[in-house]
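Reviewing the structure listed below.
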Amino acid sequence: MVVGSQTPSVAASAQSGNKRKGGAANKVFLAGPSEADLQRNADLEKFLVDSGLYETEEEAEKRQEVLGRIDQIVKAWVKQLTRLRGYTDQMVEEANAVLFTFGSYRLGVHGPGADVDTLCVGPSYVNREEDFFIILHDLLADMEEVTELQPVPDAHVPVMKFKFLGISIDLLYASISLLVVPEELDISNESVLHQVDEQTVRSLNGCRVADQILKHVPNVEHFRTALRCLKFWAKRRGVYSNVTGFLGGVNWALLVARVCQLYPNAIPSMLVSRFFRVYTLWRWPNPVMLCPIEEDELGFPVWDPRKNPRDRLHHMPIITPAYPCMNSSYNVSISTLRVMIEQFQFGNKTCEEIELSKAHWSALFEPYLFFDSYKNYLQVDIIAADTDDLLAWKGWVESRLRQLTLKIERDTNGMLQCHPYPHEYTDMSRQWPHCAFFMGLQRKEGINGQEGQQFDIRGTVDEFRQEINMYMFWKPGMDIYVAHVRRRQLPSFVFPEGHRRSRSSRQQAGKVNDDVRKSPSGSIEEHLKRKHDGEMAAEKRVKCASVSPQRLVSVSPEICRTRSVGPSLESLHEGVKLGCSSALADVDNNAPFTSCSGQVKGENRNLVVRDANGIETEDMGCDLSRQVTVHQYNSCLVMNETEPMELEAERQHAPDPSECQVSEVETGLEEGSLKGSSEGLIGLTGEDVQVEPALMLPSNQKTVVELGGKDVVCSSSSTRNLNFEVS
């Protein structure tokens, strides 16, 4: 049996629970809709239908068919394992697995083409590590109906992603402490949590949370319409992505459910308007909760900032209602919270205009013009040898992008703000499979920086790249390149129809953003100041200066020694060649320097030269147009800002420090010498950003080039233009 999103039992329990408890929160505003509200609601529902947010009957039937097939597959898989384990024929006959749905499908707010979140609950003797991620994986891989199969065993919630007959499926597994799983298993009963690990608890809680949400809202249908609307809005405004540091489906569901509790008699159009009013005024990090947090004798940790210091660092707590109560939005950072508050203010202002008949609902869903909003961006290019490799590699890199945001916040004392954009872009003209993500960059508002203040994030980006390169499923051809680009240098493939908008359109977009920032509901910085000041004190033990420290020691584990074959640099940046993971190029001149054996060409540069006796001299004009041999030194993985289970999963794949080979690496710079240098700095001043032609050498990945008995130390990171100067 598959437990779906609109089963009679769930709906009935939701309604009965509401009658019994009347919602977990105090009912603040009991007023019902006016005639004008009813008309606006009709207009909103028509807009949602016209926008194609509802699936057809044919697609709904196909989803049910696919879920039925997967249910049959997992039941047969468990019976096969039971037989292989040597159990009796009766046990084999009784062996069972049950398939549940959760997420948007279980809540009844999924749209056309949406993923179906599913959970397979199996007996105690069928484990996740081998039975699920190896045996079941191989069974699915052999089926013609299954495509794009991607296991993610080291995720915070381990998952297997694939398409079955074209329907996207996210499949989780939970092994509970029963030898036989009953077909009518009540997953809401806390007995299913007995003798299971925390990963299993997180896997089970997706279904448990969905059921609790439906039980805690006053009107399920009004909740569904409002949630469908606000999820669509969040995607249009670029703030729908848990993995990037914004909010995912369960986060939005909890926020909407709380507003439903505060306005129990409101219809969907009223709920949407009140949603923006409530969260524009919300004083983060006060938590959003549907019910009180309760302890239990099972002893699982629950969200409690009084007891858990780590919970005090959460910026936007949105607490799940099912035991054990957790913060579902721990991914949110200072930067992404700033962006979301700005978008809440935009939504609030637009809804006020709609209520005054000055705007239509379509104005609320205008797409966010990300590439008109900043003058400076980070471009993260991801490449692989084929499309299957790119799918897996992109998923890994995307899951770590929020770490880059956190590291930049850390290494610049929060002065450099990042806006990661959750949409990916593809340049179809490239020879190799490719996609790119972008981050907007700006100095923190309201802060008057000193003249010539530097934001050197070269070491920060190198640290991020080294973590990325520890991917346990890495294959030759997988690589990542990070570069700073100005707005006028953005590639054409990020714009609709391949061309930029006019200057007048950009100015109009800027005016709208300025109006939002000046909203009378309060500045974004006022919302964040109290939380940010508290975190600054907590982070002093790990904080760096605004100029990232030079990392003088390089560690080269075998796993990182040589990593890139296949794509050429021409496949990413015109005029720049790329035959291995390390490539350097002048920003303006595109004079390439490639860290691989063979002929290396490029302009003369000032390089640090070490002779056979180990004495260093500065070669003011070293000719690189001769045969050289390159030895690459990479750095070990640096862990930072991960959730406990993420940290443990990555430790399992990180090299043992005792096995790493440590070697001295020359930098060519004395400590602190960057402070007095302006060569190659990027200035965030005025309308345009001035870039010196000199190459920005990253700080911690180095290449030693042998030139007739001398070693020339150069950078070998695939990063460019990452040293910022702000006046």
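Each residue, glycine too, has its Cβ placed from N, Cα and C.
Just so you know, TrEMBL annotations never went through curation; they're auto-generated.
Taken from TrEMBL, the feature region 'Disordered' covers 1-26 (among others).
Annotated compositional bias 'Polar residues' per TrEMBL: 1-17, in sequence order.
TrEMBL lists 30-217 with the feature domain 'Poly(A) polymerase nucleotidyltransferase'.
For the domain 'Poly(A) polymerase central' (222-366), residue counts in helix, strand and coil come to 74 helix, 6 strand, 65 coil, using DSSP. Marked as domain 'Poly(A) polymerase central' by TrEMBL: 222-366.
Residue counts of the domain 'Poly(A) polymerase RNA-binding' (370-428) by helix, strand and coil are 28 helix, 14 strand, 17 coil (DSSP-based). The domain 'Poly(A) polymerase RNA-binding' feature in TrEMBL is assigned to 370-428 (among others).
Feature annotation from TrEMBL assigns domain 'Poly(A) polymerase RNA-binding' to 431-503 (among others).
Look at TrEMBL and you will find 496-535 (among others) tagged as region 'Disordered'.
Look at TrEMBL and you will find 512-535 tagged as compositional bias 'Basic and acidic residues'.
Sorting each residue of the domain 'Poly(A) polymerase RNA-binding' (431-503) by its DSSP state yields 21 helix, 22 strand, 30 coil.
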